[in-house]
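Listed in TrEMBL for this protein:
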{"type": "DOMAIN", "residues": "1-234", "note": "domain 'G-protein coupled receptors family 1 profile'"}
{"type": "TRANSMEM", "residues": "39-60", "note": "transmembrane segment"}
{"type": "TRANSMEM", "residues": "80-101", "note": "transmembrane segment"}
{"type": "TRANSMEM", "residues": "131-151", "note": "transmembrane segment"}
{"type": "TRANSMEM", "residues": "181-203", "note": "transmembrane segment"}
{"type": "TRANSMEM", "residues": "223-246", "note": "transmembrane segment"}
Amino acid sequence: LGKCLISPIVLAAYAYNRSLSELGPGGRGEDQPGMLCQLFAFLMAFFGLAPTLLLLAMALECWLSLGHPYFYRRHLTRRLGAALGPAAAGLCALFCALPLLGFGAPMQYCPGTWCFIRMAGGGPRQLGFPVLYASLMGLLVLAIVACNVSSMRHLYGMARRQPRRGAAPAAAPRMEELDHLVLLGLMTVLFTVCSLPLIIRAYMGAFAADFNENADLSALRFLSVNSIVDPWVFIIFRTSVFRTFVRRVCRRLNSRKTSLKGSGP
């Protein structure tokens with residue numbers, strides 16, 4: 001939804017060879033962004049925060065289902081899961097609308113084809129929102145990483161408790177838990193790497209007065225890469241080819257461990 005709403009605005013700016021402030025009504029340049037630029041900044045902030053909140057809900061569900069199955073079975077229902085999406089979207093929309101009400105300021109960035117919240121060069125009223133936005137993003141990232149690490153620990157424990165098929169008494173990881181473990185680890189690393197640049201840039205712009213539009217653009221690109229690459233990682237690493245590859249690697253590692261133990265004194 002974010003790509004479908006944001007991409008046509010950028011394509012229109014390139015097609016007409018005009019900036020977003022010039023395309024929309026009420027704009028007079030970078031200092032006075034128009035309505036289209038303000039809408040673009042709102043959409044960028046919203047679709048950066050809302051998926052992160054949904055990822056936290058998914059990470060919490062995974063952690064509760066693995067670590068606290070009785071609580072999960074008793075308290076988490078389908079009705080609650082269906083209500084989480086609209087609730088998260090509503091809270092994020094209210095929060096990201098604060099710059100439109102005066103707390104924070106939308107700003108057009110070079111080369112004029114994208115707008116976001118001003119992250120440097122303003123007063124406390126303008127820089128308070130990006131600091132609050134970055135702090136909220138940072139807390140969500142920490143919570144997601146903590147939940148995923150705990151889920152990975154539970155998956156690893158489940159895999160080690162599964163006995164190997166056959167008469168050998170040694171324990172070997174079960175493939176299903178190992179598939180989830182690898183996928184969860186990759187998505188956690190990708191999400192963390194793509195989210196940190198925007199958080200760092202917001203703090204640097206507020207407290208170090210570092211106004212660098214190229215660095216801001218790179219941070220926004222990292223944040224956009226996460227939403228583009230994450231589904232492909234999930235699709236590719238859930239295929240049968242990847243599962244076969246992981247199983248072969250695990251079998252070779254287990255056979256190598258067995259041979260080393262057998263050749264010992």
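Every residue gets a Cβ built from N, Cα and C, even glycine.
TrEMBL annotations: computationally assigned, not manually curated.
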With the transmembrane segment (181-203) as the reference, find which of 39-60, 80-101, 131-151 contributes the most Cβ pairs under 8 Å.
131-151
For the domain 'G-protein coupled receptors family 1 profile' (1-234), what's the mean pLDDT in this predicted model?
77
